[in-house]
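Residues or ranges marked as L-glutamine binding site by TrEMBL: G47, E48, S49, R106, I134, R135. Under the heading active site, nucleophile, TrEMBL lists C79. What TrEMBL lists as active site, charge relay system is H170, E172.
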Amino acid sequence: MTTIGVLGLQGAIREHVRSIEACGKEAVVVKKPEQLEEVDGLILPGGESTTMRRLIDRYNFFEPLQQFGKAGKPIFGTCAGLILLASDIEGQNDAHLGLMDMTVARNAFGRQKESFEAPVEINGVAEDFEAVFIRAPYIQEVKADTEVLGVYDGKIVAAQQGHLLATAFHPELTDDHRLVQHFVEMVDQANGNKLASV
Ligand code: GLN
């Protein structure tokens with residue numbers, strides 16, 4: 001059985017558990033680095049990226065998370081999770097996990113648009129995904145082989161680089177599970193590849 005973890009330090013954890021379960025997979029709230037060994041893929045939820053980073057360091061998650069990604073295990077970063085994945089953050093010298101080749105801008109939709117919903121076309125996933133943005137970042141630039149999956153208002157809000165997926169919005173806050181389903185398929189595929197190579 002495919003098991004998908006949700007990093008359980010801070011943010012929209014329960015909502016992701018609900019959407020993983022709605023996609024027919026087992027969800028685990030990951031609160032200790034050892035639990036990463038039990039999961040086939042991991043969601044980094046939305047919340048607040050600097051707080052989450054502080055907790056990642058405090059609970060010794062930094063290296064294990066980087067290794068998880070470098071080992072080819074799928075990771076889906078939503079909102080603050082996208083910021084954690086990025087190789088570059090505008091206006092900051094240091095990024096966080098730096099696993100995904102892209103530059104992100106934080107809180108980039110401006111104060112007047114702290115939180116809003118908008119339909120976004122996600123390539124190969126959904127033509128009209130109702131995306132919930134909350135103090136959302138956007139992707140300023142994709143690099144290397146990171147692919148743009150969705151654009152809103154001229155700004156990149158969804159991208160994928162192989163086994164890494166990122167959205168500036170919160171796909172877990174609606175009953176539309178197509179993006180989480182897309183991630184589940186990435187995890188199944190990575191699992192299938194692993195089994196095939198044994
Ligand atoms: N603006 C937040 C940050 O920088 C992200 C917001 C969110 O995850 N909804 O971490």
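For all residues, glycine too, the Cβ spot is worked out from N, Cα and C.
Features as recorded by TrEMBL, highlighted on the structure.
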residue	record	Cβ contacts under 8 Å, 6 or more apart
G47	L-glutamine binding site	Q10, G11, A12, C79, A80
E48	L-glutamine binding site	Q10, G11, A80
S49	L-glutamine binding site	A80, I83, L84, H96, R106
I134	L-glutamine binding site	G46, C79, E114, S115, F169, H170
R135	L-glutamine binding site	N107, F109, E114, S115
E172	active site, charge relay system	A12, E15, H16, R18, S19, P45, T78, V180
Those recorded positions in G47, C79, E172 whose CB falls under 6 A of ligand 1, listed in sequence order: G47, C79
Of C79, R106 (the recorded positions), the residue whose Cβ has the fewest other Cβ atoms within 10 Å: R106
Cβ-centroid neighbours of L-glutamine site G47, E48, S49, R106, I134, R135, 8 Å, sequence order: G46, C79, A80, I83, N107, A136, P137
